[in-house]
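Asker: The following block contains the structure, expressed as structure tokens.
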């Protein structure tokens, strides 16, 4: 069994990206499954091209994309991604698509095919905060999640894919003391726990409360 984990390069003026820094330190094997990490550019469409090339080479069973969500207080597996780019800032190549479909021939939205509630449960068992998120945003994170699930639908139906957002790492908030952050060690532990749940449960979701009132 093989798991491909992606993380973005720094963007938005940040010197580092906890997604990339965390996955670099992942073990090569988790719960008996082979784990490979991949750096992707924080660029619309190019990020998907890099992912597709690696999926073709590596032939993973699972794809877990990781992204930074500054301001979030917990690790948040994403439930859904919409077919819409609406960038509030430019990506790393100065692209800023506004109200643009990601794939004109794609579905209006795709749901994660990973066991997101099992992932949340596993992260919480490590003593770390986690919750299901119902919005992946409309920047490159959501773009890549959508593209991954589009590729799965069109070309690799045996693959299960999804996305998880993580908080800032502590180094990023030294001068922003009121901004939520988490140590890189804990972020990595949370990602490992999520991968463990993916391997254990596959696409068999747990029937747990994970919704919101608004």
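Backbone N, Cα and C atoms are what each Cβ position is placed from, and that goes for glycine too.
Annotations for this protein, taken from Swiss-Prot, read as follows:
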type: ACT_SITE; residues: 78; note: active site
type: ACT_SITE; residues: 141; note: active site
type: ACT_SITE; residues: 165; note: active site
Asker: List, in sequence order, the same-chain residues at least six positions removed whose CB sits under 8 Å from that of residue 78 (active site)?
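Answerer: Non-local contacts for residue 78 (active site): 112, 116, 133, 134, 135, 136, 142, 145, 162, 163, 164, 165.
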Asker: Far apart in sequence but close in space: which same-chain residues, 6 or more away, have a Cβ under 8 Å from residue 141 (active site)?
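Answerer: Once residues fewer than 6 apart are set aside, residue 141 (active site) is near 8, 65, 67, 68, 69, 163, 165.
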Asker: Give the helix, strand or coil assignment DSSP yields for residue 141 (active site).
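Answerer: DSSP assigns residue 141 (active site) to helix.
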Asker: Count the Cβ atoms, other than its own, that fall within 10 Å of the Cβ of residue 165 (active site), considering every protein chain shown.
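Answerer: Around the Cβ of residue 165 (active site), 24 other Cβ atoms lie within 10 Å.
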